[in-house]
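What Swiss-Prot says about this one:
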- 22-36: compositional bias 'Basic and acidic residues' (COMPBIAS)
- 52-73: compositional bias 'Basic and acidic residues' (COMPBIAS)
- 119-141: compositional bias 'Basic and acidic residues' (COMPBIAS)
- 172-186: compositional bias 'Basic and acidic residues' (COMPBIAS)
- 194-209: compositional bias 'Basic and acidic residues' (COMPBIAS)
- 214-224: compositional bias 'Low complexity' (COMPBIAS)
- 226-237: compositional bias 'Basic and acidic residues' (COMPBIAS)
- 245-254: compositional bias 'Low complexity' (COMPBIAS)
- 263-277: compositional bias 'Polar residues' (COMPBIAS)
- Ser37: phosphoserine (MOD_RES)
- Ser51: phosphoserine (MOD_RES)
- Thr160: phosphothreonine (MOD_RES)
- Ser162: phosphoserine (MOD_RES)
- Thr166: phosphothreonine (MOD_RES)
- 1-284: region 'Disordered' (REGION)
Amino acid sequence: MSVASKNLFDLLGEETPAATTTEKKTAASRDKKRSDSPPVPRELVAQSTTSRKRDPNQPTPRERTVNKKADQPRRRRQAPQGNEAFAREGKEARANNAAHPVDATGAPSNRRNARARRGREFDRHSQTGRVDTKKATERGWGDLVNSAANPDVAENEGNTPSGAQTPAAEEENVKTLDEYLSERKSAAKPVGRTVEKLENATKVEKSAPEELFASLKKSASQKKSAAKESKPKKVLLDIEQTFTARPARGGRPNRAPRRGPSETASKTQQAPPTLSETDFPALA
């Protein structure tokens, strides 16, 4: 908001017309120069945040960390396993597991059965040129030495059936209750040793052995008895006690008042003197 100002001193007419015209000309020429001359671009310089103490040729701490990480070999991220893999893959993992068989034939894997099915093609150790040992051969096909020494036994072994000799059936031992009770009654009871009686024999009773030597170590019972004897015994005395009746409490005693002597005290202590003629002989 602009307010037009009015020069009140123009009424005095002190200013010359030449001065006003020169000032107007100078102001007009100044405005013309400003409008004719093109604007000069101003150079903006950013404030430097770097310290003068740091060497500009050396890399910054951030550049050092970036270069260090670039030089290190990139670690391979480990694939998830177990429950983590199952949780990440979800239904896809279950579908893939169901699609793939357990082994080549689709049967549950068993190392022995799998080895028997696949043969000896992928064995770690070669089996060419290997022969069973003598002990294994004799166990599987019999002992050749014993068969040659006892040909009769060998022939009998060949004629016998494959099964072993069946043992004879055992007879069942079954008894009734009456038979069992009768056997128990008939069984002889054990008889104790009979005491032989001797003639001209005297009865000897054993007594406690006498202590020939005083034992240095005391038994537990002796220690307890000695401890009981050493303890002081309590002595009880009979005392005759007499009780007297408590005297009855009297009334409140006469006490002097707080502000001066009491009336009773003044009567007893300050009684008026009795005067007689003997006290005044001059008046007789």
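Backbone N, Cα and C define each Cβ position, glycine as well.
For the compositional bias 'Basic and acidic residues' (52-73), DSSP puts the residue distribution at 11 helix, 0 strand, 11 coil. Counting same-chain residues at least six beyond the ends of the compositional bias 'Basic and acidic residues' (172-186), none has a Cβ under 8 angstroms from any Cβ of the stretch. When DSSP labels each residue, the compositional bias 'Basic and acidic residues' (194-209) comes out as 0 helix, 0 strand, 16 coil, counted as helix, strand and coil in that order.
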